[in-house]
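Asker: Below is one structure. I have some questions about it.
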Amino acid sequence: GHNPGSDGQAREYLREDLQEFLGGEVLLYKLDDLTRVNPVTLETVLRCLQARYMADTFYTNAGCTLVALNPFKPVPQLYSPELMREYHAAPQPQKLKPHVFTVGEQTYRNVKSLIEPVNQSIVVSGESGAGKTWTSRCLMKFYAVVAASPASWESHKIAERIEQRILNSNPVMEAFGECAFLSKVSSDS
């Protein structure tokens, strides 16, 4: 049989865990991976994301998935060429703060791998207005910056041409639903 008292007791334990987590000494905006949220409830996850948004921290990991929040304002330092180079030059970019450049760098390294290059796909999904097109554009700019030699004007033009081709494909991808960027980054490019 089902004991109705055990459900109430379980809810009470969850409520206590929730209050302990939310009222504890953990600074929610510092949790850069949602897998560290305990207990994992809709409320705790949303509170962490809200705290990070209020601290102008718009990227959060959720295990191997990157959660991006649309800042609804310009944040130029978040996408600067210097920051792109920092993520590109890092020996372990996954140890840096969560960012779309971490995802970009990992796929770039997989494609450029000398041992066994692996074609990569990145899916950027979300509701209308979530920032999918912007995120896709940031990824393309990242690839253009890290793939092109800064001294070579020709490399810069090639990178711009590739970026423009991918951006031009965006309306086609949006026709498939709420995915803005579903492009293969391959070692052939």
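Note that Cβ sites are derived from N, Cα and C of the backbone, with glycine treated the same way.
As annotated by TrEMBL, ATP binding site applies to Gly126, Glu127, Ser128, Gly129, Ala130, Gly131, Lys132, Thr133. Residues or ranges marked as domain 'Myosin motor' in TrEMBL: 29-189.
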Asker: If you count the other Cβ atoms within 10 Å of each Cβ, which of the binding-site residues Ser128, Thr133 comes out on top?
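Answerer: For the binding-site residues Ser128, Thr133, the Cβ with the most other Cβ atoms within 10 Å is Thr133.
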Asker: Across all the protein chains here, work out how many other Cβ atoms are within 10 Å of the Cβ of Gly129 (ATP binding site).
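Answerer: Other Cβ atoms found within 10 Å: 9.
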Asker: Taking every residue in the domain 'Myosin motor' (29-189), what is their average pLDDT?
Answerer: 80
Asker: Among all protein chains shown, how many Cβ atoms are found within 10 Å of the Cβ of Gly131 (ATP binding site), not counting that one?
Answerer: 19
Asker: Counting Cβ atoms within 10 Å of each candidate's own Cβ, which of the binding-site residues Gly126, Glu127, Ala130, Lys132 comes out highest?
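Answerer: That would be Lys132, with the highest Cβ count within 10 Å.
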